[in-house]
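Worksheet for the structure shown next.
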Amino acid sequence: MYFVNLLTTIIPILLAVAFLTLLERKFLGYMQLRKGPNIVGPYGLLQPITDAVKLFIKEPLQPLTSSLILFIIAPTLALTLALMMWIPLPMPHPLVNMNLSILFMLALSSLAVYAILWSGWASNSKYALIGALRAVAQTISYEVTLAIIILSVLLMNGSFTLSTLITTQEHIWLLLPSWPLAMMWFISTLAETNRAPFDLTEGESELVSGFNVEYAGGPFALFFLAEYANIIMMNALTTILFLGAHNNSLFPEMYTTNFMLKTLLFTTFFLWIRASYPRFRYDQLMHLLWKNFLPLTLVMCMWHITLPIILASIPPQT
């Protein structure tokens with residue numbers, strides 16, 4: 001039975017990822033005053049299926065000088081971790097109800113760095129290695145702010161469990177009292193998922209394609225699936241943390257619809273940013289975090305710690 005539950009979580013995620021690629025291509029097409037994919041099926045709706053078939057029937061080539069085992073393990077690990085991060089998300093019920101679900105997600109997002117590093121190193125290509133090192137530095141750096149922002153939100157939530165955020169946001173979204181945190185969180189998620197304008201790992205002009213330059217066919221598709229699964233997951237987490245989908249007791253079945261609509265809104269915002277903004281320079285990317293976001297998030301965290309203590313000393317107002 002548990003295996004069936006796992007499949008009913010994984011298959012919709014993979015389908016969502018497939019159609020997110022179509023949505024992105026359509027979105028970029030219309031932003032650039034063209035149609036986007038519109039040949040395969042009505043309005044190009046079958047494009048993701050043909051893409052998947054094409055990629056998985058291609059021969060998975062690897063360089064002769066590559067480290068074969070790591071070369072194959074890296075994309076598999078990337079997708080496995082991307083799918084595992086969906087386990088504790090309440091939609092409205094998580095697959096596994098954990099007490100420390102936030103810590104579990106932080107630990108898994110840190111492990112995702114290894115997949116990128118191994119893929120770059122095992123390819124035995126200088127472009128792939130430079131791309132991987134950039135990705136690792138960027139991901140590790142932005143995880144610092146993500147962790148501090150999550151800590152600030154959890155101080156308001158009073159628990160490490162994601163499910164309790166639904167109760168916390170019953171009357172007001174946490175986005176409203178903590179909008180500076182939400183803005184920094186959203187920008188950090190862009191950097192964490194290596195999306196434009198922070199897609200320095202894939203700098204076509206200088207690094208060809210980044211850490212996955214030597215991958216073709218199936219293994220490349222696994223990296224692609226992992227990246228887009230992470231994007232949807234990060235937006236789902238943003239929705240849970242800041243735009244808690246209200247669990248209406250009259251229409252409890254509307255929770256998931258509400259939740260997915262907000263996640264789709266954030267994901268579309270990701271695509272809009274990609275179509276609108278140019279890429280950051282690497283030093284600007286690091287300065288943004290270490291000189292701007294880190295001091296700000298630390299101040300906000302201290303504020304969320306001191307506020308309850310200050311208010312606790314006020315006598316009850318009658």
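Yeah, the Cβs are placed from backbone N, Cα and C, and that goes for glycine too.
Per Swiss-Prot, the features are:
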TRANSMEM  3-23  transmembrane segment
TRANSMEM  68-88  transmembrane segment
TRANSMEM  102-122  transmembrane segment
TRANSMEM  146-166  transmembrane segment
TRANSMEM  171-191  transmembrane segment
TRANSMEM  222-242  transmembrane segment
TRANSMEM  253-273  transmembrane segment
TRANSMEM  294-314  transmembrane segment
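Using a cut-off of 8 Å between Cβ atoms, the transmembrane segment (294-314) and the transmembrane segment (146-166) share at least three residue pairs, counting only pairs 6 or more apart in sequence. Among 3-23, 146-166, 222-242, 253-273, 222-242 has the largest number of CB pairs under 8 A with the transmembrane segment (68-88).
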